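Participant: Features from TrEMBL:
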TRANSMEM  A:12-35  transmembrane segment
TRANSMEM  A:55-84  transmembrane segment
DOMAIN    A:58-261  domain 'ABC transmembrane type-1'
TRANSMEM  A:96-118  transmembrane segment
TRANSMEM  A:130-154  transmembrane segment
TRANSMEM  A:210-232  transmembrane segment
TRANSMEM  A:244-268  transmembrane segment
Amino acid sequence: MAAHTGVLPGFRLTLGYTLLYLSLIVLLPVAAVFGKTLELGWGEFVDVVSNPRVLAAYRLSFGAALAAAAIDAVFGLLLAWVLVRYSFPGKRLVDALIDLPFALPTAVAGIALTALYAPNGWLGGWLAALGVKVAFTPLGILVALVFIGIPFVVRTVQPVLEEFEPEFEEAAASLGASRWQVFRHVILPHVLPATVTGFALAFARAVGEYGSVIFIAGNIPFVSEIVPLLIIGQLEQYDEAGATAIATVMLVISFTLLLVINALQAWAARRGGKEQ
Amino acid sequence: MRFTPRSLFLAAAAALALGSARADVSLLNVSYDPTREFYQAYDAAFARHWKERTGETVTVRQSHGGSGKQALAVIHGLEADVVTLALGYDIDAIAQAGKLAPDWQQRLPQRSAPYTSTIVFLVRKGNPKAIRDWDDLVKGDVSVITPNPKTSGGARWNYLAALAWAHKRWPGDERKATDYLRELYRRVAVLDAGARGATNTFVQRGLGDVLLAWENEAFLALQESGPDTFEIVVPSVSVLAEPPVAVVDSVVSRRGTAEIARAYLEYLYSPEGQRLAAKHYYRPVHPQYADPADLARFPKLELLTIEDFGGWQKVQQEHFADGGVFDRIVTK
């Protein structure tokens, strides 16, 4: 990293500020988690995190978070597209609705979704007649995570689409590209990096989500028990080291996944740049 | 106090809360979930009593939440003058952190439990699955709602009540008892994190045929949703749930509230305290002070105490700790 990075002075000051701020807000709490975990010996640590029930919860939490983020990526892109490209009555209202999952306390979201999807709820009763159970199954967890994750994709893709003039599409069409070719070779490369970022944000949010999931999950061990619930369980036993051990593994996996997603995003950005 | 981000945050929150209440004297009572309604009434009664006795105006502030989480908050520095929690185990944990004397349970009458409760069944009106006792819970396609004993104090009482019956049914046969518990928990449709959550699942969402609940919680549910929706079924055997109370020594000695904190808890044993407890569906330890109409709501049944199981430390180690009986029965 060179000291000479631009026309504006103050590199040292800003770097110092960045490091201090990051340390205080992010690194210190994370370090406290790792520090607490160190109270356990290696053997105890392995015992806690390799418990079959904990492993099942990891599979569920990461699986559901990835699936929910993938669904959000597809439908978030679609939503952003509609909001940017078309104007229709009530568009402002729809646009504001997107942010609602951000603003709503997650417990309220969880209770509302459960009331809706429970076998005696509006949607749940109807789905139950079709033999589909949503509330109190892993499917319910997915529904909650899709709900809380959708604004992340829409809000990251929207500004990128707004900058993307329709002329590009028209030019491609006038050169004889089919609709699919326009989407595949003109639009997608342009919005893919932002979509991947939105995916990463939605995923990161979903992995740690507790409030909304706890009401709709059913919390049955090996079936619908998420990692954050196990962490709370450890705390209730006054086993803070055990709780942070489970959290540490979760942090490491999340961090690795986010690094991979970032690399993917950088690759997509480079590739998109080339194709343009 | 250990220097962790959480304890700092809690200390800051407590300091803010303390700064806002400017009375002659204030107390913070850290309690668990279902006591909300009771302490609301009791705090007003105590304030009147204290004013008459000393002329001082007292403001009691309440904090409610899951019993274990509340105990953790106190351990991490929440400035509770008194704790009124769901289980002795949670107050033991506070004592182990050095905040109050290890013999706290001997300092007030009745092992520091001024009111008790028990575990009963709440079933749907007309009792369609004909549930009378614990063995009916594992018959046919009966589906049970009870919270997770790992995350809920109330759920531990439920588990012990089932165990109490199993011990009675198959004396000395631990294997039969464990099999019964395994079958019982196999039928749990939703394992909520807390007792209120389980009540909501059963009452609002309509899941399950039977809810294992605190007696006071079952009465509250009945009162909320009317007598045409549910019935309380009292099993042959259950546990005597003793939610204990204690003064937090380290806090009151710093704040100079030792005398009033002690008086606050002692007043729970007074005629007025006992009357209010019975009114809010807790079984009073001095029934002679309660309204006979309130008392009539509590049927007699055989009740085992936690001491019959060897005390909380042993029970926790054997059943609820990692790798304990509960972990084994849900692991199949």
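Just so it is clear, glycine is given a Cβ too, placed from its N, Cα and C backbone atoms.
Give me the lay of the land around each of these features.
Facilitator: If you look at the transmembrane segment (A:12-35), the same-chain residues 6 or more away from its ends with a CB under 8 A from one of its CBs are 3, 244, 247-248, 251.
Within the same chain, residues 30, 33-34, 36-37, 40, 44-45, 48-49, 54, 58, 61-62, 189, 192-193, 196-197, 199-200, 203-204, 207-208, 227, 230-231, 234 sit at least 6 positions outside the transmembrane segment (A:244-268) and bring their C-beta atoms closer than 8 Å to a C-beta of that stretch.
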Participant: Same chain only, please: residues at least 6 beyond the ends of the transmembrane segment (A:130-154) with a C-beta under 8 Å from a C-beta of the stretch. Say none if there are none.
Facilitator: 60, 64-65, 67-69, 71-73, 75-77, 79-80, 83, 98-102, 106, 109-110, 113-114, 117-119, 121, 123-124, 195, 198-199, 201-203, 205-206, 209, 212-213, 216-218, 223-224, 226
